[in-house]
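*Asks:* Checked TrEMBL, it gives:
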- 64-84: transmembrane segment (TRANSMEM)
- 122-144: transmembrane segment (TRANSMEM)
- 151-173: transmembrane segment (TRANSMEM)
- 179-197: transmembrane segment (TRANSMEM)
Amino acid sequence: MKMAIARAMMIMAVRCLSDFRRDWALAMQAEFDVAAEAGNALSFAFGCLLGAWREVPTHKEGRFAIASYFLAIGVIVPLGGLLLSSVASGYSYLAPAEAGAGNIFGSGRPVFPVTYANQSGLSLLAILTFGLGLGHLYIAWVILDRNWMRVAVAGRIGAAVMATIVTFTGVLFLYDTCALPQVVAIAIELSAIWLLARWHADLTDDDSWQPRPHSR
């Protein structure tokens, strides 16, 4: 078990170093075999992982990776989870002013002025919101995979779904601005994704971080 944990930590350390410090990564892997034979695999791997983490912010590729994970896991995934949970909680987070800030986290069920004739549209609104939440999780995945073509396609689909949701809420929740926070949040989110894609394009155009050729 200790050896498996040590090897997993070494894999993480090598991934953190990326191609920028390939020589160091290869040296760590070679020294790990020696440390494993001496029975110090776990402590050696832990030290390598700490060193790799300290190295990440010092180069462009590392800073980009930190920003990517922060945007994907720290922003997009929570927003997607909020959208998914709102379907089950009766869209309570859409209008936090109705019953306090606790509604943002899915507590409470504010009552919206929906007419009987328009109640059939709530099912479609739930489907659209659920799909938008799943789309957030997908976008987070492809951002970490750096597949910007799929990010662009998913972003356009998400914007179209959001426009449809705004239209539906304008009809179902007449004179209520409950969809505006969603519009603002997703607009900021898409702008951040665009900036991240531009940053990645600048990195690929910069020869200073490109991996060095392997010596034979």
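Each Cβ is built from the backbone N, Cα and C atoms, and glycine gets one as well.
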*Asks:* Cβ pairs under 8 Å with the transmembrane segment (151-173): which stretch of 64-84, 122-144, 179-197 has the most?
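*Replies:* Looking at each of 64-84, 122-144, 179-197 in turn, the most contacts to the transmembrane segment (151-173) are made by 122-144.
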*Asks:* What residues elsewhere in the chain lie close to the transmembrane segment (179-197), defined as a C-beta under 8 angstroms and at least 6 residues from its ends?
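*Replies:* The answer is 64, 67-68, 71, 75-76, 79, 94, 139, 143, 148, 151-152, 155, 158-159, 162, 165-166, 169-170, 173.
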